[in-house]
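Novice: Pasting the relevant annotations from TrEMBL:
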ACT_SITE  Asp196  active site, proton donor/acceptor
BINDING   Glu10, Asn146, Asp196  divalent metal cation binding site
BINDING   Arg93, Asn95, Glu113  substrate binding site
DOMAIN    8-255  domain 'SMP-30/Gluconolactonase/LRE-like region'
Amino acid sequence: VVKEKNRMGECPVWEERESALVYVDINSQKVCRWSPLTNEVQSVSVDARVGSVALRQCGGYVIALGTRFAYLDWDTQVVTTILELEQDKPHNRFNDGKVDPKGRFFAGTMAEETAPGVRARRQGALYTLFPDHSVIKQLDQVDISNGLDWSLDHRTFFHIDSLAYAVHAFSYDVHTGKIACPRLLYHLEKEEQMPDGMCIDTEGKLWVACIDGGRVIRIDPETGKRIQTVRLPTSRITSCCFGGKDYSEMYVTSAYDGLDESTLAKEPHAGEIFKITGLGVKGIPQNFYAA
């Protein structure tokens, strides 16, 4: 549905108040907004790689870029830093993020490659930004902090560390925002490749984008089993969210960075955004950052 290609499209968020899909292109350092009504993509350039974007209660967005949290005022294109983290780790940057049921913004970090295939291990962390701008570190020694969401009863937090090739579940205290007691929920199979972004549906099942696997998979957290696979026409599938007027459509982002010329020739849709219909299940609206 979005032909404008992204180097590293990520973190799609359906914004009901704009009837639009908001997302980032990490490597182009842009926050983008696509209107299905006009088919127009607008974007705001920022001064660092931007890993995630989330809706803000009072309008505009909260973003995680470089190693800082910030606000983005869409109308003025002004970025206002909330606070900086990990200044002792020059190769780190923020990656995926999402707002919890109480309006706190969870976002994690990762080490960038310093050369092709060379990445310092366990340099990332997962943080929670509270509405009063205080921050806690939830996880340490993470490789690539990625997809995240909460169970429908708000008692479980789901998180992906991509290089673990797995989805983990944590107990989650909705009152304090703290996570604890990790357990392995699902380990990806070889052809599924690496897990990236993730979202939940109204039946409490998880949808995981498989980067280099060219698919999204549906996992039942109760059984830890994969129950559905949807293949897409390009390999670097990065994230997914539900949207549309009744949240029955799934939007899926992709990337073309990391593909060589011969693969790009075979995958003309690399970097585009796709819409999956007819899944027979809906998603839930995104939470707003409560500040």
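One is the number of the first residue shown, and numbering goes on along the chain from there.
Cβ atoms here come from the backbone N, Cα and C positions, even for glycine.
Automatic, uncurated: that is what TrEMBL annotation is.
Since the structure is predicted, the reported quantities are computational estimates derived from the model, not experimental observations.
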Novice: For Asn146 (divalent metal cation binding site), what is the tally of other C-beta atoms lying within 10 angstroms of its C-beta?
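Specialist: For Asn146 (divalent metal cation binding site), the 10 Å Cβ neighbour count is 32.
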Novice: Among Glu10, Arg93, Asn95, Glu113, Asn146, these being the binding-site residues, pick the one whose CA is nearest to that of the residue listed as 'active site, proton donor/acceptor'.
Specialist: Asn146
Novice: Please compute the mean pLDDT of the model over the domain 'SMP-30/Gluconolactonase/LRE-like region' (8-255).
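Specialist: Mean model confidence (pLDDT) across the domain 'SMP-30/Gluconolactonase/LRE-like region' (8-255) is 97.
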Novice: When you average the Cβ positions of Glu10, Asn146, Asp196 for the divalent metal cation site, which other residues in that chain have a Cβ within 8 Å of that mean position?
Specialist: Cys11, Asn95, Asp96, Ile144, Gly147, Ile160, Ser162, Gly197, Ala209, Ile211, Thr238, Ser239
Novice: Would you mind pulling the longest C-alpha to C-alpha span across Arg93, Asn95, Glu113, which the record has binding substrate, in angstrom?
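Specialist: The substrate-binding residues span at most 13 Å between Cα atoms.
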Novice: Give the distance between the Cα atoms of Asn95 (substrate binding site) and Asn146 (divalent metal cation binding site), rounded to the nearest whole Å.
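Specialist: Taking the Cα atoms only, Asn95 (substrate binding site) lies 6 Å from Asn146 (divalent metal cation binding site).
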Novice: Inside 8 A of the center formed by the CB atoms of Arg93, Asn95, Glu113, which other residues of the chain have their CB, for the recorded substrate site?
Specialist: Ile26, Arg49, Gly51, His91, Asn92, Thr109, Met110, Ala111, Glu112, Ile144
Novice: Here the recorded positions are Glu10, Glu113, Asp196; which one has the lowest number of other Cβ atoms no more than 10 Å from its Cβ?
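Specialist: Each of the recorded positions Glu10, Glu113, Asp196 was scored; lowest Cβ tally within 10 Å is Glu113.
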